[in-house]
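Per TrEMBL, transmembrane segment is recorded for B:51-81, B:117-144, B:150-166, B:173-197, B:262-283, B:324-349, B:370-392, B:398-420, B:441-459, B:465-483.
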Protein chains: 2
Amino acid sequence: MSKFSTAAKRLLVGRPFRSDRLAHTLLPKRVALPVFASDAMSSVAYAPEEIFLMLSVAGLSAYTFAPWVGIVVVVVMLAVVASYRQNVHAYPSGGGDYEVTSVNLGRKSGLTVASALLVDYILTVAVSIASAAATIGSAIPYVATHKVEFAVAAIVLLTAVNLRGIRESGTALAIPVYAFMVGIVGMIVFGLFRAFVRGEEMPAESAEFGINADHGELTGLLLAFLVLRAFSSGCAALTGVEAISNGVPAFRKPKARNAATTLLLMGGIAVTMLMGLIVLAQVTEVKIAEHPETQLTGAPEGYEQKTMVAQIADAVFSDFRPGFFFITIVTALILVLAANTAFNGFPVLGSILAQDRYLPRQLHTRGDRLAFSNGIVGLAGFAIVLVIAFDAEVTKLIQLYIVGVFVSFTMSQLGMIRHWNRKLAAEEDAAERGRMRRSRAINGFGFLMTASVLVVVLITKFTNGAWIAIAAMGGLYALMTAIRRHYDRVSDELIKAEADRPSVLPSRVHAIVLVSKLHLPTKRALAYARATRPDVLEAVTVNVDDVDTRRLVTAWNKENFTVPLKVIESPYREITKPVLDYVKRVRSDNPRDVVTVFIPEYVVGRWWEQFLHNQSALRLKGRLLFQPGVMVTSVPWQLDSSSKVNERDTITPGAIRRGLTGDEERK
Amino acid sequence: MSKFSTAAKRLLVGRPFRSDRLAHTLLPKRVALPVFASDAMSSVAYAPEEIFLMLSVAGLSAYTFAPWVGIVVVVVMLAVVASYRQNVHAYPSGGGDYEVTSVNLGRKSGLTVASALLVDYILTVAVSIASAAATIGSAIPYVATHKVEFAVAAIVLLTAVNLRGIRESGTALAIPVYAFMVGIVGMIVFGLFRAFVRGEEMPAESAEFGINADHGELTGLLLAFLVLRAFSSGCAALTGVEAISNGVPAFRKPKARNAATTLLLMGGIAVTMLMGLIVLAQVTEVKIAEHPETQLTGAPEGYEQKTMVAQIADAVFSDFRPGFFFITIVTALILVLAANTAFNGFPVLGSILAQDRYLPRQLHTRGDRLAFSNGIVGLAGFAIVLVIAFDAEVTKLIQLYIVGVFVSFTMSQLGMIRHWNRKLAAEEDAAERGRMRRSRAINGFGFLMTASVLVVVLITKFTNGAWIAIAAMGGLYALMTAIRRHYDRVSDELIKAEADRPSVLPSRVHAIVLVSKLHLPTKRALAYARATRPDVLEAVTVNVDDVDTRRLVTAWNKENFTVPLKVIESPYREITKPVLDYVKRVRSDNPRDVVTVFIPEYVVGRWWEQFLHNQSALRLKGRLLFQPGVMVTSVPWQLDSSSKVNERDTITPGAIRRGLTGDEERK
């Protein structure tokens, strides 16, 4: 093929397809695990602690329920993992809960899940960063007493990094995630070894404290209610499990199978860490109270309660300080990474919703930095509001968190049941039907579990803050419905318009070049206008100043343009209205003509120069567009400063999750 | 002349000239006086009071200086009036101090005056409204204790009224101004009659109080300094005298002579009121102190000092309460009108400065409401800041006020001396030369007086706040110089560009229609593009979603458009960059072609709809304009909601001052 035709082909089809080009950037399981697991794994930093904390309300004796609560959380977790393995196989396109629900349960359910997910992303940032602040505060007391300021600063920093555009790379993500896994699992193994093999005592700093029940001893129903509350807080450990189901396309082939395996691996590790930490907490006799000042007895004056993980690390590595600091650092790091996943996921979900016209269309094109920036700033803003409103207290924020998570879990599993029912109706092969029935059973079990958790969460958390999350979801649902309704209305309007008036081809083009001075931008506009060879071509100027206008007319006549210059009078020294009136007259004289107005414009490079140029032109253009049968053509004149505007970077957050590694992303 | 040719003429020249059309709306003297005098006359509401207040610092004995200070103020006032009568005759175009200074002393001096005038307008609002608040506070104690809130509310209200657009009419203005004149002059006559003819006692409520000197008795130089300070505060009475010199074109013929007569009339009335109030203050023994709490002796507990005018009215109309309330109401009204003159004058001065390219060009066209609105909001914002910063205290604000006023007075008189020198050099006729010499002598005397006052003001007020006004003037001067420099640079750039590259006529037009969907807006864009008969016409779509794109291509082929649809791949789901790259390639293949990109756009009527439409198009357009050799054509599709946008009102503030009465302004 000749060189020319290659160039022609490039011109015609642009760059080659993404799918061809980026195949080699797909993730092997060992890289996919850290990429998708930070959110789910990071929750073991706070979930077990929250179980103890909730139980503390009933006094120290209630701590005996902790392992049992932990086991139920593990059961739910395994059920959810098993369920999502079915999702992954059934929807390898990576649409996630929103797709599964929309397809199987309809638009409204899909939108409910979308609202829940959007709220979740905000809370992921707030909870993860609040927990990171508490973790660092366990090592540095100054941070503990300035948690809110620290958390806000961290969110601002994360926002700045994401606005600037970070190039994620699987390797860079892998290091802290594996370090966290090695750290926590290593600590558990070492701790259990010390306790049960060597039989050593490992008292935590709070081992000798007592815990007063908040409202005296609880019994019967009240105690059961409290245990359920502890359980629903513990279910925070499940957040982030669904991440892999959104990222199936980024896996190496066989995609669905690799994703399912990774999901299982992640579930196994999370469950191990969760139960290990609960056992270690009992061995080291950590005492965590909801209100340390009033509940803890025997604590020294001014005692600042550290996180459970920090206290365990302190006890297990008693004399080996680097061990404690390692655990603290990797825990804080993975929590920040978890927050960062929200910064990646939020705009991606936004773009999917925009494609379905629930959000402004321009969010649809993912390469668009500005739309991404708006999403990122909005996410950060809401997260900061939450952090400030709830004093960066993980315990308070978690009350809001779990509702949204389990709304999407439950809806998604219900959708999967429908999915299998539909498939079963169409499938004849017995073996295949058997597999489908098995899958349906798993999703059905998952649905039962998650629905039960959702009910428990709603009952035990509603007045504690879950209502805020539900209200926010309702608000988002209403907003997105309204946006969709608007787009539908516009679409109907166009269809109706098409039926009403079959498009009439304009017969002639009447070109008007707007002239304010006779300088190069005007001459260029005139030359371009002439190049379009319109049926009528005229130059028009508005007389806002007699002297200037007379000078302009003289100069015009000298130039021998052959194009007539018309002067429109403007008794009130306006520009817009006289031009509008003139264009209207041209239109009404020749209704089948299309009028094209050429406006010379300066293109400037510095933001403040915008205020000094083109303002009248912009406003005129805005008004002209309201006239039917009028086109507005901007003829730019690039001032020297415009060359200072460089091409913006086009790195987009979340690229790696879509199967693009950093270097490819940059082209 | 046939009907057709009349229509053609209308088409060609638009509406008839302003000057022909609006001649009959010019102002007779009896209407011009109230229109231009509110600012100057309103200052007698606070100027005499400030004289007493400043003198009070030296104790009660210093009050004896008050009439002498008043007489010197009157002398300066008469000198200024006489000087401005010369200005009016010499510059009947109404350019005012800025024109006189720019023409005679050069750009930098003109800009200095402009900076001073802009600062003055802000202070006119702040001082007038603060004084109005004090006046109303004298009748309604609640306002006195909430002066700041009241003043801010008043400015906000005035802003809203001006943003909405008020139709000024000479008659409407005349009523409160004449009522004020009648009220104050009537009070003076009645008071003097009671005191000197009937020999009645008219003690003010503060007549029996004593005044302690702030720092003990002052003597020698310190006392002289204090008297000079009192004098410079009294010179606040002169503010607004220059207003008529800006409005000469609005007078009936002979314009200059009528304006000069009105100026003299205004000066006479102002002087009468000023001296009358000072005499009445002495007769009624009003005591006004700068710090009433510490300085006044014999005052009852919790005494709130009322304004001098209110105390005089109280004393003169002792049992006749309506008299007191009449004076209070008309005084407050004229002060609000004075503030309103600033709302009119500020944008007018802005438009003149924009014409000279010291402010953004778009402020130049006076009919432009948006530019006016920005000016009005800016003016109000700064005035509110001042009112809050200085607790709505007239005494504090006046320290800032007088500098600017006397900077422009002095510069203007200096300019006039130059003017006459130049004229004298060219004039041969002896009688004419005599008249010119006389005029020069008057302006010279005015210059001496105003320059002396300026020096006194600078010495006595600098540390009390005048430095703020000077710093603000400096800042404005720097800003306007920078703006002018920018425009000059652009202008140079264009001239250089013209020399460098003689404009090359583009040989062919390559038209590209951007397509995202195949709907009516796209079809219209295509039809319009085809109507312009370009050399090459093609449709281009960016593939951000394979399914959508395939559907579009199928639909396109069905329609038999004869225009090819090219698909540009976008591996990262961007729109802007692939289109830019494509356009660049077209340009580099055929450098002499001009590319015109047709973008279908929705035109919407509700502000929030903007967020849902055209955002990608707008950003693409913004980027395309940076490409040389590219035009961007917007092809609008008017959605139904767009018809809700009505033509905005085009009433502009200050119309009456330019010789347009309300009804004419509306057409």
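Each Cβ is built from the backbone N, Cα and C atoms, and glycine gets one as well.
Sequence-distant residue pairs (6 or more apart) of the transmembrane segment (B:370-392) and the transmembrane segment (B:441-459) include fewer than 3 whose Cβ atoms are under 8 Å, leaving the two stretches without contact. Counted over residue pairs separated by six or more positions, the transmembrane segment (B:441-459) shares fewer than 3 Cβ pairs under 8 angstroms with the transmembrane segment (B:324-349), which leaves the two as not touching. Within its own chain, the transmembrane segment (B:324-349) has Cβ neighbours under 8 Å at 38-39, 41-43, 45, 98, 114, 117-118, 121-122, 124-125, 128-129, 131-132, 135-136, 138-139, 154-155, 158-159, 162, 168, 173, 176-177, 179-180, 183-184, 187, 240, 243, 246, 309-310, 313-314, 317, 363, 366, 371-372, 375-376, 379-380, 652-654, 657-658, counting only residues six or more beyond its boundaries.
The transmembrane segment (B:262-283) makes contact with the transmembrane segment (B:51-81): 3 or more of their CB pairs lie within 8 A, with pairs spaced 6 or more apart in sequence. Remote same-chain partners of the transmembrane segment (B:117-144), defined as residues 6 or more beyond its termini with a Cβ less than 8 Å from a stretch Cβ, comprise 39, 42, 45-46, 97-98, 150-151, 154-155, 158, 236, 239-240, 304, 306-307, 309-311, 324-325, 328, 331-332, 335-336, 338-339, 341-343, 345-346, 349, 379-380, 382-383, 386-387, 390, 392-394, 397-398, 400-401, 404-405, 408, 469, 472-473, 476. A Cβ distance under 8 Å defines the sequence-distant neighbours of the transmembrane segment (B:51-81), meaning residues of its chain 6+ beyond its ends; these are 210-215, 217-218, 223, 226-227, 229-231, 233-235, 237-238, 241, 263-264, 266-267, 270-271, 274-275, 278-279, 281-282, 286-290, 295, 308, 395, 409, 442, 445-446, 449-450, 453. Beyond the transmembrane segment (B:465-483), the same-chain residues lying 6 or more positions past its ends with a Cβ under 8 Å from any Cβ of the stretch are 111-112, 114-116, 118-119, 123, 353, 357-360, 390, 396-397, 399-404, 407, 457-458.
Only residues 6 or more beyond the boundaries of the transmembrane segment (B:173-197), in the same chain, are considered here, and those with a CB under 8 A from a CB of the stretch are 30-31, 33-35, 37-38, 41-42, 44, 269, 272-273, 276-277, 279-280, 283-284, 309, 312-313, 315-317, 323, 326-327, 330-331, 333-334, 337, 656.
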